[in-house]
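> Pulled these features from Swiss-Prot for this protein:
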BINDING   CYS36, CYS41, CYS47, SER273  [4Fe-4S] cluster 1 binding site
BINDING   CYS62, CYS66, CYS69  [4Fe-4S] cluster 2 binding site
DOMAIN    48-262  domain 'Radical SAM core'
Amino acid sequence: MNHVKKPDWLKINIGANARYTETKHIVDSHKLHTICSSGRCPNMGECWGKGTATFMIGGEICTRSCKFCNTQTGRPLPLDPEEPTHVAESIQLMKLSHAVITSVDRDDLDDLGAAHWAKTISEIKRLNPETTTEVLIPDFQGKSELIQLVIDAKPDIISHNMETVRRISPLVRSAANYATSLKVIKQIANNGITAKSGIMVGLGERPEEVEEVMDDLLAQGCKILTIGQYLQPTHRHYPVAEYITPDQFKQYRTIGLKKGFREVESAPLVRSSYHAEKHIKFKG
């Protein structure tokens, strides 16, 4: 596939202000991981500059090797039993009104990391009773009893990303699959928790396939959708097929809202947790 030139609208300014430096210090001093840095998120400068970050639990090594993701793959270290408390303390220090947590996949663990997830949410609530929480979870191999452990910890929003359209999913996701992800979304929604999902575009999908994902998500009870441009992390990752124009992103947002989503964040640099603090108003 030929190299596709990155357009001007994807150029970003990563400026570091005092709040950015403070956020970095808190994250580093608590030996925490963020998807902002491991995933090379283009919004890191903006978010850290506002004092927000998406914490990544379960370590920094993932057991899966999806072709779009920059997170390190390999054999993870044992879970840090102090991590849930360290995350909760960092949220307290950062005075966050809304916290976003995600994780690597831990297919090496008997419970795939579900109990660690539940403990982290509980610790956040214990130390930050006024802070709302959004968690971006893996599929837990579709095991409903493990998904339920996270649901029972009662975060305000649970997100699970479809990542891409049905046709491209097996090409870029190493273990997850489209049907299992829909099952996760359905279980979240059926338990009365606001369900959220996200996809990348620019992988070679067609607009009608994006609409199919929207319809599939709405049928499971999903309320919030994020759509952003796929950016190839390194030459070893899946190539960008196309850079979607800002106008097409706006069109996707309009279509999604008309179909019934409560909110659709759709722009080239949108990522799963972008403007997450604004999504809490769509809870319930």
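Glycine is treated like the rest: Cβ placed from N, Cα and C.
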> Rounded to an integer, what is the Cα-Cα distance in Å between CYS62 ([4Fe-4S] cluster 2 binding site) and SER273 ([4Fe-4S] cluster 1 binding site)?
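Answer for this pair: 19 Å between alpha carbons.
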> Does DSSP put CYS69 ([4Fe-4S] cluster 2 binding site) in a helix, in a strand, or in coil?
coil
> At the level of the C-alpha atoms, what whole-angstrom distance separates CYS66 ([4Fe-4S] cluster 2 binding site) and SER273 ([4Fe-4S] cluster 1 binding site)?
19
> For SER273 ([4Fe-4S] cluster 1 binding site), what is the tally of other C-beta atoms lying within 10 angstroms of its C-beta?
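Excluding its own Cβ, SER273 ([4Fe-4S] cluster 1 binding site) sees 27 Cβ atoms within 10 Å.
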> Take the C-alpha atoms of CYS69 ([4Fe-4S] cluster 2 binding site) and SER273 ([4Fe-4S] cluster 1 binding site) and report the distance between them in angstrom, rounded.
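SER273 ([4Fe-4S] cluster 1 binding site) has its Cα 16 Å from the Cα of CYS69 ([4Fe-4S] cluster 2 binding site).
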> Cβ within 8 angstroms of the Cβ centroid of CYS62, CYS66, CYS69: which residues besides those meet this for the [4Fe-4S] cluster 2 site?
ARG64, SER65, PHE68, ASN70, THR71, THR73, VAL104, ASP105, SER174
> Looking only at Cβ atoms, how many others are within 10 Å of the one on CYS66 ([4Fe-4S] cluster 2 binding site)?
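There are 18 of them.
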> Can you tell me how many other Cβ atoms are located within 10 Å of the Cβ belonging to CYS62 ([4Fe-4S] cluster 2 binding site)?
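Within a 10 Å radius of the Cβ of CYS62 ([4Fe-4S] cluster 2 binding site) lie 23 other Cβ atoms.
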